[in-house]
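Engineer: First, the structure itself, so that you have it in front of you.
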Amino acid sequence: GACTDGVNSYTCTCTAGWQGTNCDSNIDDCAANPCVNGACTDGVNSYTCTCTAGWQGTNCDSNIDDCAANPCVNGACTDGVNSYTCTCTAGWQGTNCDSNIDDCAANPCVNGACTDGVNSYTCTCTAGWQGTNCDQDINECSATNNCAVCQNLVPSYFCVCEISSYEGILCTWAVIGTTTYRVPATTTTTSRIAAIAICAGLDEGGGFLGEPLAANLPTILTKVVARSTFVSGFMWLNVVRQSGSTWVYGATGTVATTNFEFEANVLDNCAVMRVSDFKWIIVSCTSFTADILCQRAITGKVVSP
C-alpha cells in the first residue's frame with residue numbers, strides 16, 4: 001500500500017485486495033459466497049469458481065443446456081441440471097428415443113404373420129383370412145366359384161360341384177370333353193419351366209401345362225378363362241420353339257399349330273396365346289407375365305365330397 005506520514009504515526013492506503021494497518025492481510029473475496037453452484041478459491045482481489053456438474057459461468061449460475069447436442073433422436077428434449085429428458089414421438093422408446101417399439105410384440109395378427117413398422121404393423125394373412133388383424137373369415141361362397149352348393153367354412157369352404165361341369169375338391173377344374181383344365185387364381189411373371197412346375201404343384205395331384213385341341217379352345221376360353229382372375233390377356237400353353245422355325249408341341253393337333261406372329265428364328269423362344277384374337281405371339285422363355293392353363297386327364301382325379 002501507500003504510506004502517509006503523521007506525528008509519531010503513519011497511515012497505509014492499501015492497494016486493491018489488501019487490508020490491515022500495514023496492508024498485509026489478503027481480503028477474502030470468497031466471503032460473500034459468489035459461486036452460486038460451485039466451490040470458491042480466493043485470489044488477490046479476485047476469486048475463481050469451480051462449478052458443480054451441469055453449471056457454468058463466472059459465478060456458476062448458468063445452467064448448461066444438455067439438449068444442445070440434440071440427444072433425442074426421435075423426440076423432444078427437456079433440459080435439466082446435468083441431465084435431460086426425452087419425450088418420444090409415437091412408436092419410439094429408450095433414453096434417447098432411438099429404439100423402435102415392437103408393435104408385433106402383442107401378436108396382433110390372429111391368423112397371419114406380423115411385420116413391424118414405426119408405430120404400426122402389417123399383417124400378412126394366412127389363406128382364408130382377411131382384415132387388419134387377419135381375424136375376419138373370408139366368405140368364399142360370396143365370391144365367384146363353380147359350386148352348385150357352397151357352404152362357407154372357417155377358413156375355407158365346402159363345395160358340391162356343378163354336375164358334369166367341374167370337378168376337384170374346390171370345383172376348380174373344368175371338365176371339357178375327356179380332359180380337365182384349370183387357370184390358377186393369380187397371374188404371375190414366370191418362365192415356361194416355372195409354369196410347368198406350377199401346374200405340377202396344384203392341389204389334388206396337380207397336372208401339366210395345357211395342350212388343348214383346337215376344337216376345345218372356345219369352350220376353354222368361356223368356361224375356364226372367364227371363371228378365373230384372368231387379367232393379363234395372355235395364357236401359357238405347352239409350346240416351345242426348338243430351333244429355327246420348327247415347333248414341337250406337347251400333343252398332336254393342338255391349337256398351337258397355326259397363327260404364329262412373325263419373329264426372327266431364335267433358339268428356345270416360347271409362345272403364348274393372346275386371348276383377344278386367338279393369336280400366338282413369340283416371347284422369351286426367361287420371363288413373361290401370363291395366366292397359366294393347366295391340364296390333366298379325368299382318370300385318377302380326386303372329386304369333391
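Any Cβ shown, glycine's included, is placed from N, Cα and C.
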Engineer: Where TrEMBL annotates a disulfide for C104, which of C97, C109, C114 is the other cysteine?
Structural biologist: C114
Engineer: Per TrEMBL, which of C60, C72, C77 is disulfide-bonded to C67?
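Structural biologist: Looking through C60, C72, C77, the record in TrEMBL gives C77 as the partner of C67.
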Engineer: Please work out, from what TrEMBL records, which of C125, C141 forms the disulfide with C134.
Structural biologist: C125
Engineer: If you measure from the Cα of C125 (disulfide bond), which of the disulfide-bonded residues C14, C30, C40, C60, C104 is the nearest?
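Structural biologist: With Cα distances computed to C125 (disulfide bond), the winner among C14, C30, C40, C60, C104 is C104.
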Engineer: C60 (disulfide bond): which of the disulfide-bonded residues C40, C77, C114, C134 is the nearest Cα neighbour?
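Structural biologist: Checking each of C40, C77, C114, C134 against C60 (disulfide bond), the shortest Cα distance is to C40.
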Engineer: What is the average pLDDT across the domain 'EGF-like' (1-24)?
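Structural biologist: For the domain 'EGF-like' (1-24), the model's average pLDDT rounds to 94.
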Engineer: What parts of the chain pack near the domain 'EGF-like' (100-135), using Cβ distances under 8 Å and only residues at least 6 beyond its ends?
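Structural biologist: For the domain 'EGF-like' (100-135), the far contacts come to 90-93, 154-156.
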Engineer: Within 10 Å of its Cβ, which one of these disulfide-bonded residues (C14, C114) has the largest number of other Cβ atoms?
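Structural biologist: Compared across C14, C114, the most Cβ atoms within 10 Å surround C114.
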Engineer: Which residues of the same chain, at least 6 positions away in sequence, have a Cβ lying under 8 Å from the Cβ of C97 (disulfide bond)?
Structural biologist: C72, V73, N74, G75, C86, T87, C88, T89
